[in-house]
Amino acid sequence: MNVCAFSLALALVGSVSGQYYDYDIPLFMYGQISPNCAPECNCPHSYPTAMYCDDLKLKSVPMVPPGIKYLYLRNNQIDHIDEKAFENVTDLQWLILDHNLLENSKIKGKVFSKLKQLKKLHINYNNLTESVGPLPKSLQDLQLTNNKISKLGSFDGLVNLTFIYLQHNQLKEDAVSASLKGLKSLEYLDLSFNQMSKLPAGLPTSLLTLYLDNNKISNIPDEYFKRFTGLQYLRLSHNELADSGVPGNSFNISSLLELDLSYNKLKSIPTVNENLENYYLEVNELEKFDVKSFCKILGPLSYSKIKHLRLDGNPLTQSSLPPDMYECLRVANEITVN
């Protein structure tokens with residue numbers, strides 16, 4: 001076991017920088033005949049069903065020929081989408097519109113719901129004030145980050161929607177609670193960097209990953225997370241959590257592998273399940289280390305599975321850690337203190 005001291009500026013382990021830009025082309029596309037291509041765009045023979053129209057200062061969607069399944073329109077000046085923009089490409093599967101000037105009022109009609117094969121829709125870094133729609137039932141991955149969204153429309157019927165990225169918007173908890181209830185396939189939800197003061201009610205119980213960092217959340221309702229029976233990754237860093245707002249067993253979730261409570265106002269370590277592997281508590285107000293927060297009892301077969309534990313930026317020091325901590329955290333690779 002390593003007991004180390006790190007600078008407070010150390011980046012979080014498991015940074016997700018760039019995590020929502022996954023544009024790899026499936027291998028099965030190799031060897032196909034390239035379709036016709038819009039003259040201003042690029043349709044390489046190595047990716048015959050992909051059309052790249054990035055960084056062209058386009059102000060509207062170009063002509064998209066039949067056969068295109070993967071359409072990239074990033075870093076342009078597109079400020080509207082006509083209802084007939086994709087009539088020739090009913091087999092379109094990926095539509096990437098990041099870094100444009102789109103507003104909701106200029107996205108016409110049912111332009112997206114007509115795309116019955118659409119799986120990925122990315123409209124990050126635009127000027128949206130609410131979610132787009134209606135959307136096709138085929139959709140699996142919706143990314144609307146870095147907009148000005150304060151309202152979510154209906155997601156009814158999106159039975160395949162698995163990933164939703166909504167970070168860096170202006171969402172409050174009521175807007176979220178009313179919209180996501182029926183998404184039974186949803187596994188990944190990122191609501192970080194919004195304006196929530198409470199945890200939203202009615203989130204789908206199918207979630208495996210939930211990011212709520214960089215909000216203004218100060219209270220965890222009793223047994224709020226208990227219904228998420230498969231939850232594995234939970235981030236609540238950079239909120240306003242204090243001991244008074246965190247019931248005793250809030251995070252005692254047997255499925256949880258990673259919990260981030262860093263940059264809050266906690267004075268004691270919230271109890272976690274022995275299955276937790278990564279626990280981030282840096283920059284709180286922790287005054288003591290209670291072994292019972294990790295191990296209810298100690299024995300040959302009773303110990304915590306913690307691998308990484310961050311405690312730096314707290315009043316705790318290495319000398320204040322109790323000796324039985326090492327027996328409880330016997331498989332830890334790294335414990336960071338001041």
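Just so it is clear, glycine is given a Cβ too, placed from its N, Cα and C backbone atoms.
Of Y30, Y52, the one with sulfotyrosine in Swiss-Prot is Y30, while the others lack that note in the record, though it may still apply to them.
Of the residues Q19, Q140, Q170, Swiss-Prot records the annotation pyrrolidone carboxylic acid for Q19. Residues Y20, Y70, Y165, Y280 are shown; Swiss-Prot lists sulfotyrosine for one of them, Y20.
The cysteine that Swiss-Prot pairs with C328 in a disulfide, picked from C53, C295, is C295. Close to N88 (N-linked glycosylation site) in the fold, though at least 6 residues off in sequence, lie M63, V64, P65, P66, each with a CB less than 8 Å from its CB.
Per DSSP, the secondary structure of the repeat 'LRR 11' (305-326) breaks down as 5 helix, 3 strand, 14 coil. The CA atom of N160 (N-linked glycosylation site) is located 36 Å away from the CA atom of S304 (phosphoserine). Between the C-alpha atoms of N252 (N-linked glycosylation site) and N127 (N-linked glycosylation site), the distance comes to 40 Å.
For S304 (phosphoserine) paired with N127 (N-linked glycosylation site), the C-alpha to C-alpha distance reads 46 Å.
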